[in-house]
Amino acid sequence: PFSRAENRKTYSPPSAKCYDDESQGRWGADWPCHRHVREPHRHNTEFSIFSLCGAPGWVESPSIFQGKLPQTYVHSPYSYRFQSKNSFPIQSWQWKKLHVVCTGFYCAFNGNLGTSAPSGAMTVLASYFSISSRSQLALLNSLYMLGYVIGPLIWGPLSEHIGRKPVMAATYLTYVVFSIACAAAPSWPALLVFRVLCGLSAAAPNFVSSGLYADIFDQPSSRGIAMSLFMFFTSLGPFLAPLLSGTFAEMSWRWSFWIAVIISLPGVPLVIMLPETYAPVIYAKRTQGRSLFFFFFPRPALVPENLASSTTFSARDTFLRPFHLFFTIPKLLFSSLYTALAYAIMYLVFQAYPVIFEESLDWHIYHVGALYVELFQATVHELTLRVVIVGACIAFSIFAAYTRWHMLASQSGTRWTTKEAYRRLPLACLASPLMVLGMFWLGWTSGKSLPPILPMLSGLFFGTGYLLLFMSMLNYISDTLPEFAASAQAVAATIRSIGAACLPLAAGPMYAQFGVRWAPSLLAFISLAMGVIPFIFILMDVKVQKRAENKKTGVVDEESTGETLIA
């Protein structure tokens, strides 16, 4: 297969350009014609992959270099590089990079805020619409998560064909519109329909943002910090929403949605001004008339034959790519299943707190809403937003400290840092027992005979483990498949959303059948069984990398061929 690392060492930027009449007439003297470029695998350009600076660079195309399309994936991305890192002042492009990062943070935060926006207003909603069934009330969150099931399979692959900006802007604006519709819903069926549409549009930023960061950060350490910050901010949404809705629901149930609308409005100018970051789309627009029409129907005069066929839109290849990745890459398969379990448990905890605190301990709905915050290490003091931020910073600090330690050890030439598995997975190994301990703690400290502070403290362990797990595993997925980060994160998000949409419906019967002690314990045992996944990943990665090193030195293992290709 094509090796970008080898290409960077072997080939230098083309020093000569050839033009034809069409290229000079349309683009001027600085744009090369593809039919006459002496090195067809590389095309000079003066735009940046994410418009961060005006430094000259070039696009490398594996398809053009090989003279044929990749056998595994269609629409193979390109690698964009600058000719000089110092050719433009850093102050002029870092702010645009910050804009891209913050847009991903804010859009995903608002989408996740909507997942549990009605949770604190369930009592008021039940009274207003005359709903007596707990399962019907749970549909508000479950149908929203249904949009998270369908949305990733559409928006993720589509962002790898038409670009990140169109998908981010269209879906976020649609989310704001349907959030307003939820606040003004005239009936219960209308509210349920609007919740599905909200979830469908709100799902996009959660995985398209991973593609954004994979586009603009080449170094795994920088990308890891960006992704961990992304998880820090976006995970605040599901925990803050019940607290906000529980507070404002006393005025009206509609205010639980109006608050989400008000918080989402500042993100509108952010997505409108978001620059495009995906290299193939930028390249296609530049070479084919700056129009999406020419991206779907390329002009042969400006695009090489094999590149034209690879950029032609194919719904089958585009929308089936996430499934192909999921079923052919074991790392993505088991990482998605593990994060899906953790995600579903989080929403089961949402459904468990009314059972544990409101029914067993006769706490007011506002207090129940406030207790969602304890997943971020809340204490017995007033559960304020300051405690939420401090608790979330603990998990992020652990991730940032480990990333820094790994980077320094790598720069000093420490041997263990050459194993890619040690970049992310040790934090997942730490997260697994913390989550299990938190679930056991929640189950066996609940009851009227024990003070309420004890089950609250379970969030000290579960919250830290949950955040560390997502920070490490989602980064691991992006590191494994950087070129197809959006599709990989999309299918992982779909699996997570299926679990989050289905399992909370079983919370009521589960707690009625097993009680407040054995129901969390059952989830803890399941988490314990799945917790071996990161340990297995480390063992397999180290084994495969060792065999690859032996093969380079001439010591060939007959069994290593297939496993190396899979890895």
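Every residue gets a Cβ built from N, Cα and C, even glycine.
Note that the structure is predicted; figures quoted are calculated from it, not measured.
Here TrEMBL flags 1-24 as region 'Disordered'. Annotated domain 'Major facilitator superfamily (MFS) profile' per TrEMBL: 100-546, in sequence order. Positions annotated as transmembrane segment by TrEMBL: 137-155, 167-186, 192-213, 225-249, 255-275, 332-353, 383-405, 425-444, 456-478, 490-512, 518-542.
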(request) Mind looking up the mean pLDDT for the domain 'Major facilitator superfamily (MFS) profile' (100-546) in the predicted model? (result) 77
(message) Against the transmembrane segment (137-155), which of these stretches has the most C-beta pairs under 8 Å: 167-186, 192-213, 225-249, 456-478, 490-512?
(response) 192-213
(request) Select the range from 332-353, 425-444, 456-478, 490-512 that forms the most Cβ-Cβ pairs under 8 Å with the transmembrane segment (518-542). (result) 425-444
(message) Applying the under-8 angstroms CB criterion, which one of 192-213, 225-249, 255-275, 332-353, 490-512 scores highest with the transmembrane segment (425-444)?
(response) 332-353
(request) Verify whether three or more Cβ pairs under 8 angstroms connect the transmembrane segment (332-353) with the transmembrane segment (255-275), leaving out any pair fewer than 6 apart in sequence. (result) no
(message) For the transmembrane segment (332-353), I need the partner stretch with the highest count of C-beta pairs below 8 angstroms, choosing only from 192-213, 225-249, 456-478.
(response) 456-478
